[in-house]
Amino acid sequence: MAYDYYSGGAETMTTVALNRAAFSRYLLLPRMLRDVSRVDTSHELFGIRSSMPVWVAPMAMHGLADPVGREVATCRAAAACGVPFTFSTVATSSLEEIEGTGNANRIFQLYVIRNRDVVRRWVTEAEARGFRALMVTVDAQRLGNREADARNKFKLPPGLALRNLEYLSSGSTAQARDAADGSGLMALFASEVDDSLTWEFIPWLRSITRLPIIVKLAVQYGVDGIVVSNHGGRQLDFAPDGLAVLPGVVAAVAGRVPVLVDGGVRRGTDVLKALALGASGVLLGRPVLYGLALGGQAGVERVLRLLRNEIELAMALAGCVSLKDVGLHLLLPVPGSGVGLSCSALPPSRL
């Protein structure tokens, strides 16, 4: 049941497959005779430093993978690897527990519910507990049709609770924990998530916090960053993959705010391709949860270190000494893929 929840997507899972296949549309063109004896993968956005251009993506209920360590183990692993950690509203750990992990680079992912007093309380507590930014999810006003969860009659196993939802009524929390017919999470969101949410929410959020706001036309509403995402293929089936729309988003933003992307990232070369298409950084999701399930904190650390090593090697082999050297010049569309790289607004070669 847990694997189906983590790996699954909406309906036919076409978008899940597109996310992974997207990276195969591009080849890499290496530059030769470059001194790559020292390759720098370090990265910074919003004053948040990272050992590589990767953040741990917001993902619900880590306790399904590791009932003991939960999000705390993931956050500690991210800290050990110098990687920012994004903490989901729908977590099996509390904001207080995450504060105690020692990871200074924490981002709070916000689902917007109708009760603005609860939203304000989440935001205020996150800011008070040292979270560095807010990432607002705007593609889940209703949950996608995740058929595997329905077949499995998904519900939270005994001993786990959605800790951040304790601010809601006890009945709603119990609904999320104990629903016997289908996913308690879906039932909770159906009744609590604000499906009337519009862009007018952003100015209100801006008025109650000093934290950077990242939205998962955004710039005109004062957000500080954008995530190009299809929710891992878990919301609207047949939505395009992130790489397909990334160049257009980057061109429209025109450098005014950073643009991150997620979906389908598995290798260091995937990260390199996303950066070459103009992404400011990448969010890593499912592989982190798989590492957590197999090895707890140590498993997550191994996943992150493997990815960083792959990024460093891919950069060296491509002739890139630092992330500033990564640009569109590195990419060659696979013949017949239908991809064009003619957008003049994309980052030019810096070599």
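Placed from the backbone N, Cα and C atoms, the Cβ positions cover glycine too.
Quantities reported herein were computed from a predicted structural model and do not represent experimental measurements.
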Co-listed glyoxylate-binding residue [TrEMBL; alongside Tyr111, Arg146, His231, Arg234] among Tyr3, Tyr5: Tyr5
Neighbourhood of His231 (glyoxylate binding site) by C-beta distance under 8 A, where only residues 6 or more apart in the same chain count: Thr137, Asp139, Ala140, Gly144
Inter-residue C-alpha distance, Asp262 (FMN binding site) and Tyr5 (glyoxylate binding site) (nearest angstrom): 18
All-chain count of other Cβ atoms within 10 Å of Arg234 (glyoxylate binding site): 22
Nearest recorded site to Gln109 (FMN binding site) by CA-CA distance, among binding-site residues Tyr5, Arg146, Arg234: Arg234
Across the domain 'FMN hydroxy acid dehydrogenase' (1-336), average pLDDT on the 0 to 100 scale: 92
Alpha-carbon spacing, Pro58 (FMN binding site) to Tyr111 (glyoxylate binding site), which is rounded to whole Å: 11
